[in-house]
Amino acid sequence: MKKNYKLVLPLTGLFFIVIGILAYGVYFDIDRIILITRLIGLSLIFLIYYLSSFKKNKLYLVSLLFSLLSILFLFLKSDVGILFATLFFLIFEILTIIIVLKNSKKISFIPVTLGFLPFLSICFYLIFLTYASLGINYLPSILNAFIISFLGGLAVSNFVLEEDNMKNSWLLISTLLFTLLIFIFMIEKYYLYVQVFKPIRTFCFFGGHYLFMRYILLSEHQTIIDLPCEMTEESVSK
């Protein structure tokens, strides 16, 4: 395990370098760079998590697969490609919600609702601006609005109710980045095209992924602390 930890820091540095190269590629529309660096970026997230984690959350690893499928279909640059990318990203969000629910010590209706409503208002306003151009993506966009808003409500609730605000800060910022990603993508695709939106989307997507990974690792670390002393690292990994 110590050898694994020694790899995490250079892999993390490489991850940020790759994301910088990807931002350059998307700004100048260099397709080869975009495809390769997207694949490398998510692969590095996988490796960093796998080498850092005691428990290896299989649900999280599956969610990364759906996120990967999402960006691959988005690369098709067609309405059908966007539809499938949206559906795969919806599955990623649903799995994310399940993970957060499992890691939440306190869940209260009122904080979740108070956090849910602002996210939903923003998403519905965005749909109102772009509904004439959404076409086959109209219903998936509405579903996406509810799912990301519920995740936002959970993030706000956890931040307010739980004591470990480092962990829940990462979750909240990650959710905000994913929401901003959706907002910018829909504005850029269906309302107002601005070239600088592309690298911003890149930073939101991979920044959200990186911070959510940190949230999961901190959740696992808290679980290790709460276990009886006789539990070993090997038994936790099983």
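Cβ atoms are placed via backbone N, Cα and C, with glycine included.
The feature transmembrane segment is assigned by TrEMBL to 7-27 (among others).
Away from its own ends, the transmembrane segment (33-52) comes close to residues 4-5, 7-8, 11-12, 14-15, 18-19, 21-22, 24-26, 60-61, 64, 67-68, 71-72, 75, 206, 209-210, 213, 216-217 of its chain (Cβ-Cβ under 8 Å, at least six residues beyond either end). Positions annotated as transmembrane segment by TrEMBL: 33-52 (among others).
What TrEMBL records for 59-76 (among others) is transmembrane segment.
TrEMBL lists 82-101 (among others) with the feature transmembrane segment.
Here the transmembrane segment (108-132) has long-range neighbours at 138, 141-142, 144-146, 148-150, 152-157, 160-161, 179, 182-183, 186-187, 189-191, meaning same-chain residues at least 6 beyond its ends whose C-beta is under 8 angstroms from one of its own. Per TrEMBL, the feature transmembrane segment maps to 108-132 (among others).
The feature transmembrane segment is assigned by TrEMBL to 138-161 (among others). Listed by sequence, the residues of this chain that lie at least six past the ends of the transmembrane segment (138-161) yet keep a Cβ under 8 A from its Cβ atoms are 83, 86-87, 89-90, 93-94, 96-97, 100-101, 104-108, 111-120, 123-124, 126-127, 130-131, 168-169, 171-172, 174-176, 178-179, 182, 186.
Residues annotated as transmembrane segment in TrEMBL: 168-187 (among others).
Within the chain carrying the transmembrane segment (199-217), a Cβ under 8 angstroms from the stretch's Cβ atoms is held by residues 15, 19, 22-24, 26-27, 41-42, 45, 48-49, 52-53, 57, 60, 64, 67, 71, 96, 99, 103, 167-168, 170-171, 173-175, 177-178, 180-181, 184-185, 188, all 6 or more beyond its ends. Positions annotated as transmembrane segment by TrEMBL: 199-217 (among others).
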